[in-house]
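Have a look at the structure below before the remarks.
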């Protein structure tokens, strides 16, 4: 697309970054100044009843800056990148029609990628094929199915852990239905995003600072009642660790503690480590992201001013 045709498209802002980088605080500040409406881009914030461990904006923050696509699923329900793209496009169209600018804020990079580039045309789920895969897993174990995936799609197998039955079964299901691997199909992008996008990423200048922020926030969550929040989910009886909601960072480790698999101290240690690993993956993804403007978490006023400098011209 030419620069001229891009300039005629409606505007949108991406505010990306690792966990605990200060994205929400910056987004709220920007909403005070720019004609923006916020859309959450976070695969954990979609779940109802999962507030403390996901660092969901609190009531005061949401009053100052309402976020769309929060609390739209029960933790027992699935939500895909395709679901997100559909919902986000609808929200963006609604915001644009009202003469305002969509500000998409979050750390789920797969969602940002799906929105920006479109999605490959993957086959729909097939209950019969899925049942056959699960039967084979019950008889032979998921390790056996992972070896099977390695034979047909080594790239996907390297990315998917043998203990991730949901993604493993989906990769095999796609192959059995279409005869093509998940890797082949995902190399074919769908429709690109019909917006002129200003992209920002916010993070601390050093890894050590980010690690400090992560550890501090995890302890803040514990002090705010994170254990009680997960106990309420645990007590429902219909949730388990195969669900994406319970595999969220922090929740998975607290679940193991509640099941008696690990001690409280081990839960804290693993929770902090898992959050650091998540942040590392997010930063790695962003380092390879084209056209992104980096902001420093430790200089929030400067970060705000840099965004305003880049997008200020679209505020009118």
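Positions of Cβ are set from backbone N, Cα and C atoms, glycine also.
What you are looking at is a predicted structure, and each value in this text was computed from that prediction instead of being measured.
From the options 161-165, 166-170, 171-175, the stretch Swiss-Prot describes as region 'Interaction with substrate tRNA' is 166-170. The recorded positions listed here are 19, 21, 108; among them, 21 has the most other Cβ atoms within 10 Å of its own Cβ. Around the Cβ of residue 23 (ATP binding site), the same chain contributes 15, 16, 17, 105, 106, 107, 202, each under 8 angstroms and 6 or more positions distant in sequence.
For residue 24 (ATP binding site), the same-chain residues that are 6 or more apart in sequence and have a Cβ closer than 8 Å to its Cβ are 55, 57, 61, 105.
The local packing around residue 22 (ATP binding site), expressed as other Cβ atoms within 10 Å of its Cβ over all shown chains, amounts to 19.
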